[in-house]
C-alpha cells in the first residue's frame with residue numbers, strides 16, 4: 001500500500017482547508033500520523049519522529065516536518081510508503097531517490113541518482129542560484145498520472161520514467177530520464193533561502209504565475225531548460241536536432257488546428273477551457289519553442305541575465321508575462337549589440353496572445369516576404385478569423401553563408417538583399433535551423449534550386465534545415481498551399497541522406513503508421529516500393545551492418561534508439577528481402593535459444609516479421625513466450641503486437657478467439673488484440689467479422705469505446721456508400737439513436753477523407769511512375 005499526493009492545479013483544497021490559488025502563498029507546518037512500518041515524506045526534512053497510541057491501544061508513528069518556506073498550496077506534498085532509497089550529497093544538498101525495494105536493490109535507480117546532482121549544479125551555475133533546501137527527495141511511484149511533479153523538496157515521478165535497467169545501455173531511455181529529471185529540477189532549482197536575495201526560481205516555485213492563464217511561464221520555460229540540462233549530463237545528445245524533432249515539429253503540427261493562445265485572459269479560460277486542459281502541448285512545447293526563439297534573437301547571455309533580474313525582483317511573489325517582458329526590455333535597453341524592431345512586449349505578445357503561427361511566403365524575383373496565419377485551406381471555411389500578424393525574426397542564409405538576422409514586422413515587406421540572380425546556384429534559405437516558430441513557403445524557382453542543391457550536395461544545407469524543409473513542404477501540401485508533386489521533388493536526393501531523424505520525418509509523411517494497410521491496396525505500392533527502396537538501401541545497409549556485427553556500437557546514437565525501428569519496419573513492409581531474411585534469422589536464433597535477446601532497437605519489427613514470414617510454428621513460439629512468467633511488460637506488448645502480424649487468416653482468427661478468454665488475457669489486452677489485428681491489411685475484415693459475431697459479449701465487457709476504436713480503423717477502408725451501408729446496418733442494430741447519429745457523421749467524414757486520399761494517391765502514383773527510375 002502507498003499514499004502519494006498530487007495537488008496541482010486545484011487539489012490542495014481536497015486535502016486541507018486553504019485558499020487554493022497560486023497567488024496566495026504561505027509557510028506550511030506538516031505533521032503526518034501513520035503506520036509504524038511505513039515512512040512519511042514531505043517537502044521539508046523530518047524534525048521529529050514520535051509514537052502515539054490510539055483509543056484501541058494501537059501504536060502509530062507521528063512524523064513532524066520542518067516549517068516550509070513561503071510557497072503556493074499546489075506545491076505541498078506528502079508520500080507514505082515502505083520504499084527504500086539511495087542517496088548522495090551534491091554541494092551540501094542531500095539527494096535521495098526512493099523506489100520499491102527490489103528496484104533499489106537491483107540498481108535500477110542508480111542512473112537517475114548519478115545525473116540529478118550534476119543537473120542541480122548545472123542549473124545553479126547557469127542561473128547563478130544556490131539551492132536553499134538541505135534535502136531533495138525524488139520518489140518513483142509504480143503509477144503516477146502526471147509523469148513528474150516538481151513539489152519543492154519532494155519530487156514525484158512515474159517509475160517508468162526514472163528507471164534505467166543497468167543492462168539497458170540504450171541512450172534513448174537515458175535521454176528520456178535526463179529530460180524528465182531536468183524538467184522537474186528546472187522547477188526546483190531555486191526555492192531560495194529567504195536570506196539570499198539574488199536567487200532564482202525560474203518558473204514556478206519561487207516566482208509563481210498570478211494565475212493559471214500564464215501557466216506557460218512555468219512549464220514552457222522549464223521545458224526549454226530541460227533540454228539544456230539533459231544535453232549537459234548527456235553531451236552526446238544532438239540537442240538542437242532532438243529539440244526540433246521532439247518539441248518544435250510536433251507542436252507546429254498541433255498548433256495549426258488549435259484555437260487557444262499560449263496566454264489567454266482569466267475570463268476566457270474560466271468560460272471556455274478547463275484548467276486541466278491547459279496542461280497540454282501548447283503550454284509545454286509551444287512555450288519551449290517560443291522561449292528558444294526568444295533566447296535566439298536576444299542571445300542566451302542577455303536572456304539569462306534578464307531571467308536572473310526578473311527572479312531577484314519577484315522572489316516569493318507572483319507575476320504575469322508582462323513582468324518578464326519588462327525585465328528583458330531593461331536588459332536590452334542597457335546594451336547596444338542587439339537591436340529590436342519593436343518593444344519586447346509588442347514582439348512577444350504577438351506570439352503568446354494570438355493562437356496559431358505564421359507561414360512566410362518568399363518571392364525570389366522581387367525579394368518580397370509575405371506573412372499569413374497558417375491554416376488548412378482545404379477546409380473551405382471563411383478566412384476571416386485568420387488575420388493575425390506577428391513580429392517575426394528571420395535568420396537566413398544565401399548560397400551557404402549566414403546573413404544578419406532581419407525582421408518582418410508587417411504583413412509583407414521587400415528585402416532587396418533577397419532578390420536572386422539568374423544563376424541556378426543562387427539560393428536562399430529562411431528560418432535557418434528552425435530558429436523561429438513558423439513555416440516557410442518558397443516559390444517554385446527557389447524550391448527547384450534547393451532540390452538540385454540537395455541532389456548535388458545535401459550537406460550544404462544544415463541537417464536541421466533539411467529536416468525543416470521537408471517537414472514544411474509536406475505540411476504545406478496537407479494544408480493546400482502547394483501540390484504534392486512539389487513535396488515529392490524534395491525526396492529525390494534521399495539516397496545521399498544519412499540522418500535518421502530526417503528519414504523519419506520523410507517516412508511519417510509518405511507512409512503514416514495508420515495508412516500502411518490501406519496503401520497496400522493501391523497501385524501506388526509497387527511504385528513506392530521501387531522508388532523508396534532504391535533510396536533507402538545506403539542507410540539501411542549502414543545500420544544493418546551494426547545489427548549484424550556490433551549492435552552495442554549504437555549505444556550512444558540517440559536517433560538510432562528512436563527511429564531505427566521505423567526505418568527497418570518500412571524496409572520490411574516494402575518487401576526488402578534482406579530485411580525479411582534478417583528478421584527470420586534473428587527470430588530463429590531466439591527460438592533456438594530463448595535466452596537470446598533480439599536487439600532492442602528493432603525488436604518489434606523482427607518479432608512481427610519473424611511471425612509474418614513464418615508459419616504456425618513461429619506464431620506458437622511467440623504465444624509461448626507471451627505466457628512465460630518472467631516476460632517483462634515491454635516484451636509482452638511487443639509479442640501482443642507480433643502475433644497480429646501472421647499472414648495466415650486462421651491464425652489471426654484463432655488469436656482473436658484466444659482474446660475472448662478471461663483466463664488467457666486481462667481485459668485491456670483483448671481490445672489491444674482487436675486493435676492490432678484490425679490495422680493489418682489481411683486482418684481488418686477478419687477483425688470486423690469477429691467483432692460483429694461476438695458483439696454481445698464484447699459490448700458487455702468493453703462497452704462502446706472498443707466499438708469506436710474499431711470503427712476508426714474500419715473507417716480508413718470505407719470508399720463507397722455500399723461499405724458505409726454495411727457498417728451502418730450493424731450500428732443500427734446495436735447502438736441507441738444519439739450514438740448512431742455520431743457514428744454516421746464519423747463514417748461520412750471517413751468516406752470523404754478516403755475519396756480525397758484516393759485523389760492524392762493517384763497524383764503520387766503518377767509522379768512516381770514518371771520519376772521511379774531517376
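Here the Cβ of each residue, glycine as well, is placed from N, Cα and C on the backbone.
Model, not experiment: these values are computed from the prediction.
What TrEMBL annotates here:
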- 2-75: domain 'Aminopeptidase N-like N-terminal' (DOMAIN)
- 111-351: domain 'Peptidase M1 membrane alanine aminopeptidase' (DOMAIN)
- 183, 187, 219: Zn(2+) binding site (BINDING)
- 184: active site, proton acceptor (ACT_SITE)
- 284: site 'Transition state stabilizer' (SITE)
- 427-737: domain 'ERAP1-like C-terminal' (DOMAIN)
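Taking Cβ-Cβ distances under 8 Å and a sequence gap of 6 or more within the same chain, the neighbours of residue 284 (site 'Transition state stabilizer') are 219, 220, 223. In terms of DSSP secondary structure, the domain 'Aminopeptidase N-like N-terminal' (2-75) contains 6 helix, 29 strand, 39 coil. Around the Cβ of residue 219 (Zn(2+) binding site), the number of neighbouring Cβ atoms within 10 Å comes to 24. Looking just at the domain 'ERAP1-like C-terminal' (427-737), the mean pLDDT is 88.
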